[in-house]
Structure formats: structure tokens, C-alpha cells
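Participant: Among the features that TrEMBL reports, Zn(2+) binding site is placed at B:CYS47, B:ASP49, B:HIS103, B:CYS106.
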Amino acid sequence: MAQEDIKNHLKETHDRVFEHNRSWAAEQAKKDPEFFVKLSAGQTPEYLWIGCSDSRIPAEAITGLEPGEAFVHRNIANLVCNTDLNVMSVINYAVRHLQVKHIVVCGHYGCGGVKAAMTPKDLGLLNPWLRNIRDVYRLHQQELDAIKDEAARYDRLVELNVVEQCRNVIKTAAIQQSYEKNGFPIVHGWVFGFQDGLLKDLKVDHESMLHDIQKIYNLTDTA
Amino acid sequence: MSQDTRDPFTYALSSNSAWAGYKSHQNPDFFPRLASGQSPSILWLGCSDSRCPETTILGLQPGDIFVHRNIANIISPTDINTSAVIEYAVAFLKVKHVVLCGHSACGGAAAALGDARVGGVLDTWLTPLKAVRNAHADELAAIRDDKARAVRIAELNVEAGVKVLMANVVIQDHIKERGLQVHGTLFDIGSGRVRDLGHGTGKPRAAAFGGGGAGDGEVIRGRHATLVFRSEGAGMQAR
């Protein structure tokens, strides 16, 4: 491609976004003239969504949730690390200030982050981040090693990673204290499949998971 | 959904099932194509705020935008979470545009404009925004209207964030090697419009992005059916 063609192509992709945004804003205003006025007034989302940055999983589109209904954090491989101030701030704000009722950790099959983490390669800046996935593998090594089919083994690791991140969410003081006081939020683990577009509920048992981890990670005042 | 009497959790799962059915009906190749991989052209760095769903407000589709959203769309140079997202999107997925987007009525901006402690780890996270406030204290204090002041600090926050992005070595390499573009934008919740602030690699193109363009009034609809979300449940209506 000539330099000029590349320039034009780059310009086109960006223009499309703003054109679509204008269409969307006009369409919303036509459907409900009060839509943006109401949005401006504030947010009271029921959900905190912690998902993967992967472009194929826009939280709102796949769940049919409208603007204003889900507070969203997305990072590489939907990880919740206790020293990451970024995700910890999101959880803190969502639970203590917005008082969300549900927290969904949503992974997806075919996750590039999970695959990259299991590749024996130095990925520079990504190493410390992806290390957390290797730790999940180590925790479930026996089960994972026994799965002979490679794709099936990755799929299982994706599920186990989601469950582990749910556990990490429950380990935070914000969740433990809010749950004790209010009976919410409830933590859920879901996995999105590209083959059919469907969400699979991993049926994480919030109550028993909380009970289990509190033997060691209890951050409420009552023992 | 707020009128729905059922558990919102159950509602979201049933909505998903309706959406998946709608998408495959519209285009049987949609999910198989998604499953084969992603090649998004945009990395979106935005706020976690529930009123700013990037794919929805830009009218785009799954597969179009790689996304990171955090509290007040703060770009901290040493935040490993954001840095990992940028590295993956720019160096591996080779996105063509990095879009940092702030928004009006941001809770984080309001917190940074106030003097009260927010609590927990949030005060530490909001430090860069506090620094922006301090650096522009006189200008911000001179704005009488609370909403306008929040918009101004959101703009300044985007400007500061773009500076951090432009200093990121991966981004610098890819600007030089293949013309990666970096943009600073602001989403106005009151009108639903995204405004290009003109920071980064580009200059504001008011003529292209302002109102009244050719895109106005266009409606993007499915070719064969419409997805409807109602209180009695989500469903698909064939046309």
C-alpha cells in the first residue's frame, strides 16, 4: 500500500466511529427524549462486570444491559490481583459507593492472555501480569495435566481462572464487610463462548466460597 | 431492565440467550468468525462508569474495540494493569488507534475536586487527578458552575493521560514504525456525543466530528430482525 493509501485508511476507520456515535445518540434520543437527561443525573448500576479486554466481549452488548446498568472494568485475562490498585479501586468504588448487588467475573474460551501465559516465552512487561495465570495452573496442576486434549485443557484453565478471580474478589474487605452488613454483593463466575455467543454460569457458590476463605482471609471484625 | 421484577442476574442471562439467537439469525457466520480470532483497530481507554459502554455508544460490534476501563480513566505510567493492556493491544494486536475517553459528570472528577477523603485505596488511585486539579487550581476555581468545572477537569485529565500515553515506549515505537494514532476524547453523557479534544498525534477535526455530518440520523439495524428488551423478557422480532 502506498503511504497515501495507508493515511486514507487510517482516517476512514476513525471517522466511522464518530459517524456511528452520532447515529447512536440520535437514535437513543428518538426512542426516549429523556434518555441522556436521565443518564446525566447519575448512575445506580446493579452490576460490577470484571471482564477481559478482548474486543469480542462488550459486556453490555452480550447481556442486553443498557447504559447505566453495569459498572465495568476490563483488563488482560480478567485478573483480580490484590496489589493492583487499579482493579482494587474499581471494586472499592462499586461496592462501597455504588452499592452494586452483583459482581460478575467473566472470562472467555480461547483467551489470548491465558494462552500467552502458558507459552514458555519472555513477554517483557506482560510477564508480571500473566504470572497470575501460571499460579492458577500450579494450583490445579494435577487436574489440568490429566486433560490430554490441548484445547480442552485451555478451556478448563479459563474456567479455573475465573473461579480463582471470584475468590480474589471475595477476599477483599469491601465485599466481606458489605456482605455481612447488607447481604450483597453476590459474586458470580461466567464464561463466554465465541462458538455460540452464550454465557455459561460456572455456578460459583458465593456463600460457601466466602465461608471457606474467611478461615484465613477474614477482614470483618466479627470472627 | 429496571422495571423487571425478576432477579437482574437471571434477566442478564436470558438477555444473553436472546442476543446470541438474534446475532446468529442475523448472520450465521457471526460467532464462528468471532471464534477464529480478533483484530480490533481501536484500543479504548475509558471510565468504568456504567453510562459509558464504549461499543454501544460508538455503535460498533463485538470484535471492533479492545477495552480497558478503570476509575476516572486515569493513565498512570507505572500501573501494570493498564500497561499490560497497552502492550498487548499495541504490540501484539497492532491496533491502529488508541482512544483515551473521559466523560462529563464523572464521580472520580467530583472526588478530586472535593477536599474530603474518599477512603480505602481510592485516594491513592485518584492521586494523578488530584495533581491535575492542583496544577490548574486557579482556572478550575474560577468556574462557577459545578457541572462545567467537572467537565473541565475531565478534559484536563484526558490531556494529562494522553501525555503519559505519548511518553509510553511501546506507543512511541509504534507511532514511529507504523503511524499508530493516539487521541484524547470526551463523552458528553447529556447528549451522547463523543468529542475529539485534539490531543495526541492528531489535531481536532471539528468539521469531520462536529454535528451535522453525513452520519446524522442514520439508523443501524439488523437486516432481518430487531432485538427487543422489555420488562417481560428479551426477545427477537423478525421483520
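Placement of Cβ uses the backbone N, Cα and C atoms for every residue, glycine included.
Please treat TrEMBL annotations as automatic predictions, because they have not gone through curation.
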Participant: Measure the Cβ-based neighbour count of B:ASP49 (Zn(2+) binding site), defined as the other Cβ atoms within 10 Å of its Cβ.
Facilitator: 28
Participant: Which binding-site residues (B:CYS47, B:ASP49, B:CYS106) come close to chain A, taking a Cβ gap under 8 Å as close?
Facilitator: B:ASP49
Participant: Take the Cβ of B:HIS103 (Zn(2+) binding site) and count every other Cβ within 10 Å, whichever protein chain it belongs to.
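Facilitator: There are 25 of them.
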Participant: How many other Cβ atoms are found within 10 Å of the Cβ atom of B:CYS47 (Zn(2+) binding site), counting all protein chains shown?
Facilitator: 26
Participant: Which chain-mates of B:CYS106 (Zn(2+) binding site) that are at least 6 residues away have a CB under 8 A from its CB, listed by sequence?
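Facilitator: Expected: B:CYS47, B:ASP49, B:ALA72, B:ALA150, B:ALA154.
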